[in-house]
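Annotation comment: TrEMBL describes 13-332 as domain 'FAD/NAD(P)-binding'. Annotation source TrEMBL lists domain 'External alternative NADH-ubiquinone oxidoreductase-like C-terminal' at 358-415. If you look up TrEMBL, you'll see 425-448 marked as region 'Disordered'. According to TrEMBL, the feature transmembrane segment maps to 380-397.
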Amino acid sequence: MQAIPDTRDGRPRVVIIGGGFGGLSAARALASAPVRVTLIDRRNHHLFQPLLYQVATAALSPADIAVPIRGVLGTGREEGLEVFLDEVTGVDLEKRLVNLRTDGPVAYDRLIVAAGSRYSYFGHDEWQAHAPSLKSLDDATEIRRRILLAFERAETVKDPEERRRLLTFVVVGGGPTGVEMAGAMAELAKATLRQDFSHIDPAGARIILVEAIDELLSAFTDSQSAYTCEALSKMGVEVRLKSPVEAVGPGFVRFGGETVETPNVFWCAGVQAEPVAGWFGAAADKQGRVVVDAQMRLPGHPDVFVIGDAASVTGPDGKPYPALAPVAKQQGAHVAAIIAAEMTGEPAPGPFRYRDWGTMATIGRSAAVGKFGKFAVKGFFAWVLWGLVHVGYLVGFRNRIVVLVNWFWQWLTYRKGARLITGSPRLPPTHPPRKLRDEAPARSTLDS
Ligand SMILES: Cc1cc2nc3c(=O)[nH]c(=O)nc-3n(C[C@H](O)[C@H](O)[C@H](O)COP(=O)(O)OP(=O)(O)OC[C@H]3O[C@@H](n4cnc5c(N)ncnc54)[C@H](O)[C@@H]3O)c2cc1C
């Protein structure tokens, strides 16, 4: 494999792996530093993951929440900046080279790793085939395909049992993504699709939200968790707490001793870092995040920084910072400032301190929760605030306008406009093979 020509003009080269929240923030902040920047991502777009569930539930289109990385950074116009579309397969720390799947390697003087995370199936990777997760645009359009197809198939099947299975949806994970998914699915079924079918009543669809511990949204206050449960129940979502998932297979899921037969299981629980710790042979925490120092430097390698979801950085309270978009963004800006200072000989910023402006999660139409230090808000006000904050954080002026108009239209009409089925017209099995059925416990909701 031929090395990518090093086009350096005497300026040191900073290589950034990942064009997500952390990588993009670092690249932008380095624009005025005396360095050349090479950003490598296996996708050509920056994705606003907090609104992925809206693509999965047909409220927004993929292009509303993603922007081409080249477009955002102004590659071609910006001198000293290049973007490569490729997958990083490893890093040679000794030779200071980044290895790529199709080309490369790429030499670096400073390396920023911002490769993010993926879902964890808690040691059961085999569940993934039956319970897709929500991480990329492909995941979101696949989930949208499955949801909409289930209603289409239910419209034409004669067998009431089969119809019941098709109209049962299980969301695993009571964190913000699971809550948002379950709420949006309830709105889709009980409002948007309500008038669209002749032989079924989509409002009768069962939406079950499954959580292993005894509350939803555990990062929020007890009263906000209780409010979330209540709001979802009012929307017709069945909330199952203290119900760890025990098995997922073709056409079924088992949690808390109960088996539900359905082809529609969606995974929104648990994250683990991209496997970058393996590239370095570095120490990692339980989520696979590389343990770095307070300046996000890889121990023993001061020219390598790891940030965002891929990094475990301890805060002043002795706990690692959470895997959140603002953490990644602030870390990206911080390491960029360190690198810029090193290049100009100015004093470098000290340890990273996360400025926490608050956390929010939406439940559904006019219902959300927000926690800002000691202040906790919920209800309509929190929902408006959630909308404004998310539109503000979206990358790209066009996307902000399109999303705002879409939301306003949906709020007025209850209609979700992106109800498109793309890809295969086939659904996965709607019930388990006979052998698995026979093994299902007597408490199966099937027989209830
Ligand atoms: C569904 C969902 C909802 C979320 N909601 C919220 C929310 O409401 N609020 C919030 O604060 N956070 C939320 N998060 C978390 C937030 O998105 C992450 O904390 C944030 O994206 C982390 O930023 P990052 O830069 O570390 O990684 P990412 O933004 O994930 O970017 C990683 C980038 O690296 C690229 N990459 C990975 N591996 C390689 C490789 N080997 N080679 C080349 N490129 C690679 C990826 O393609 C990606 O573009 C949500 C996450 C998900 C999945």
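Any Cβ shown, glycine's included, is placed from N, Cα and C.
Any TrEMBL annotation is an automated prediction that lacks curation.
Packing against the transmembrane segment (380-397) from elsewhere in the chain are residues 24, 46, 48, 50-51, 65, 67, 71-72, 325, 360-362, 365-370, 403-404, 407: each is 6 or more residues past its ends and has a CB under 8 Å from a CB in it. Across the domain 'FAD/NAD(P)-binding' (13-332), the model assigns an average pLDDT of 95.
DSSP assignment over the domain 'External alternative NADH-ubiquinone oxidoreductase-like C-terminal' (358-415) gives 31 helix, 16 strand, 11 coil.
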